[in-house]
């Protein structure tokens, strides 16, 4: 029998699909990545083509094995991690999507959310049972929108002809040739349709949104065998799909934040801060979400989460729209060309503001411009906005959990930016720890998949794989920290409530 030497993580993100092969020591052996199209039909609307998601993800899986010259029978299991909340509805018979995937960033259901909030007691019911706030970010109103706006969709859904899934569900369904319709607890907890206390779909919310239960996948733990997939067609080896977690929960697990009070921030397209609260679903009084995280064996734990909609995307904006930089990495170079932002604050509320403000009507703004402002000040202020938004969330989190973080673990593309990491530590007054393996999201999916198939014995074995590459410590005084942060709060207050409401 051929030795099962490797684990594969499929990382289906907002802008690209990736496949990553890891060995027993959690070293990355090979990575394959393919970008796909971002579709913007109207201002504030964001879509993906589900078939393109599948095409890019399946081809990276074949590519990554070929690139590393590894045969599929050497793979012990596959873990899937995915952009969360993004909503796909397809025909059960043909596997054909009836509409594009509506992406988590899409704000088209803002008015539908306003209407839901007007129903007596419903907003509080949703908050209490799903841990979420009523917001276009989550899948629930996206599902309703597709059923209401695609001809014949509601009738077909009621006849049981259609299936709904977040991206993980769609990938597993495609990988198993339509045999398996599942999701995991972490992804289900982001739909605004799932009761995080009794771990079941919430019939009252389904009724309010007129969503037939037959659309929904069955819900499982994040670390178990859901089904098998063939790589390389009929002759290929059947490999267990044995781990699923939404990208932020996967990153929390990959950073081994499996004890209550441990927290991480992922700096991707958006920024996502999660703090593990163990078996206690802590309710937030500060505009944060209560969500499901992975416990030591992939079982249900809870976490507080704050989502910042625009993190690394603001650096892309500097590059693609403003043309101030040629490459994302240039932002660090130009930011350090000036000694401070010269009083400039950039509030990148391009699609509204997430936690702790939850204002879909806020818009992007630049404040504090003077005749002496140059492009380097704007670049620096844009990077600083990522750190300020992180502090907004972290302050709320510490207040809710009644604890002070000793350190923040960080991952995602923007953590390579040393200026940003140092400023993050400065503005938090907290240690920032950057791991050797930056791919925490893929690592989490790999750990969950590997534990389910016995590739790693237990979490203790896994823990020896995570080492800190660099620690950033605060380098400014409290007075300066507070002065800078107060300026940020003033800027945010002015950016809020800009767009006309419906």
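Every residue, even glycine, has its Cβ placed from backbone N, Cα and C.
Feature annotations, courtesy of Swiss-Prot:
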{"type": "BINDING", "residues": "14, 84, 85, 137, 247", "note": "sn-glycerol 3-phosphate binding site"}
{"type": "BINDING", "residues": "14, 15, 16, 269, 312, 316, 413", "note": "ATP binding site"}
{"type": "BINDING", "residues": "14, 18, 269, 312, 413, 417", "note": "ADP binding site"}
{"type": "BINDING", "residues": "84, 85, 137, 247, 248", "note": "glycerol binding site"}
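Structure coloured by features recorded in Swiss-Prot.
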| residue | record | contacts (Cβ under 8 Å, 6+ apart) |
| --- | --- | --- |
| 14 | sn-glycerol 3-phosphate binding site | 83, 86, 103, 104, 105, 268, 269 |
| 15 | ATP binding site | 35, 36, 38, 269 |
| 84 | sn-glycerol 3-phosphate binding site | 104, 166, 167, 186, 187, 190, 246, 247, 248 |
| 85 | sn-glycerol 3-phosphate binding site | 104, 137, 138, 139, 142, 166, 190, 191 |
| 312 | ATP binding site | 267, 268, 269, 270, 271, 328, 386, 412, 413, 414 |
| 316 | ATP binding site | 328 |
| 417 | ADP binding site | 329, 331, 332, 383 |
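When Cβ atoms from all protein chains are considered, those within 10 Å of residue 16 (ATP binding site) total 14, not counting its own. Residue 84 (sn-glycerol 3-phosphate binding site) falls within neither a helix nor a strand when secondary structure is assigned with DSSP, and so counts as coil. When every Cα pair among 14, 15, 16, 269, 312, 316, 413 is compared, the largest distance found for this ATP site is 14 Å.
In the three-state DSSP scheme, residue 18 (ADP binding site) falls into the strand class. According to DSSP, residue 316 (ATP binding site) sits within a helical segment. Listed in sequence order, the residues 83, 86, 104, 190, 246, 272, 307 complete the 8 Å Cβ shell around the glycerol site centroid, once 84, 85, 137, 247, 248 themselves are left out.
Binding of glycerol is attributed in the record to 84, 85, 137, 247, 248, and the widest Cα separation among these residues amounts to 15 Å. The binding-site residues examined here are 18, 248; by Cβ neighbour count within 10 Å, the least packed of them is 18. Neighbours of residue 269 (ATP binding site), defined as other CB atoms within 10 A of its CB across all chains, total 22. Of all the Cβ atoms in the protein chains shown, 16 others lie within 10 Å of the Cβ of residue 413 (ATP binding site).
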